[in-house]
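Novice: Before anything else, here's the structure in question.
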């Protein structure tokens, strides 16, 4: 029987404990894993929605606030753009890919996978651009006026393109199945794009170590506005770079065999992976003092214009009546 029972003893009394050994779990292991999977999917969708909304708002702010458009903020803007495109392609992947499409391995699904991986790589290379800018300005003490926008565009948008082309060719010839998601045993084509991502991540950590060392030793007493902005950018990068690195390195970690380890791994990875864009927009835009100051000025300017228009509208709405012109007023007007 699948029920619990209590034994009736020889003296007519009941046993102290109920025997549940024949009972089955209400929620089997398979159902538990499905439940955790569905919760992780909800976290992923929620995180990507929040991230995309925050990223779009940050993008509009950088686009509209021309007064703060220096090279440093242009790099922030491009990083945010890369995250927007990655989040958008994530939704495309989730809404279009299904087991039938995976098995058919049609051309458009492989193209979607290639686009998603391209924008994934651009995230890392634009973070590398952030590190390059700070390292050049603080450690190498070069004037940032010598740096050009096209250099960072090449780093962030151009270099990832041939990497993904090489990966796509490798997939086409050696692992051309399931829309290029996943990998077969013994085939390492994914390292064609994962290798450069790990490399720039490690270089960025070296950059950050040098930057923090210089800030702690040489620029501690400096209070110029440029140095203050560098410090804030370094703080943002110190938070975001480990965040980006942890989420990527988690893919190479074995969560363990026990259920608790797997559940923690699934939830932790889902949260960090999906909310990355939100953290990027917060640290590089919403907490950016230049952005906040420019928004405050815009807001005060709008309030002033609105109040002037309101006063003019009220003055124009006062009903007029035939006026009596006094000799005194005529005298004043002629004197003027």
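Using the three backbone atoms N, Cα and C, a Cβ is placed for every residue, glycine included.
TrEMBL feature annotations, pasted as is:
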DOMAIN    40-288  domain 'G-protein coupled receptors family 2 profile 2'
TRANSMEM  37-62  transmembrane segment
TRANSMEM  74-93  transmembrane segment
TRANSMEM  124-143  transmembrane segment
TRANSMEM  150-169  transmembrane segment
TRANSMEM  191-212  transmembrane segment
TRANSMEM  233-253  transmembrane segment
TRANSMEM  265-287  transmembrane segment
Novice: Short question: most Cβ pairs under 8 Å with the transmembrane segment (265-287), which of 74-93, 150-169, 191-212?
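Specialist: Comparing 74-93, 150-169, 191-212: 74-93 has the most Cβ pairs near the transmembrane segment (265-287).
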Novice: Please work out the mean pLDDT for the residues of the domain 'G-protein coupled receptors family 2 profile 2' (40-288).
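Specialist: Mean model confidence (pLDDT) across the domain 'G-protein coupled receptors family 2 profile 2' (40-288) is 85.
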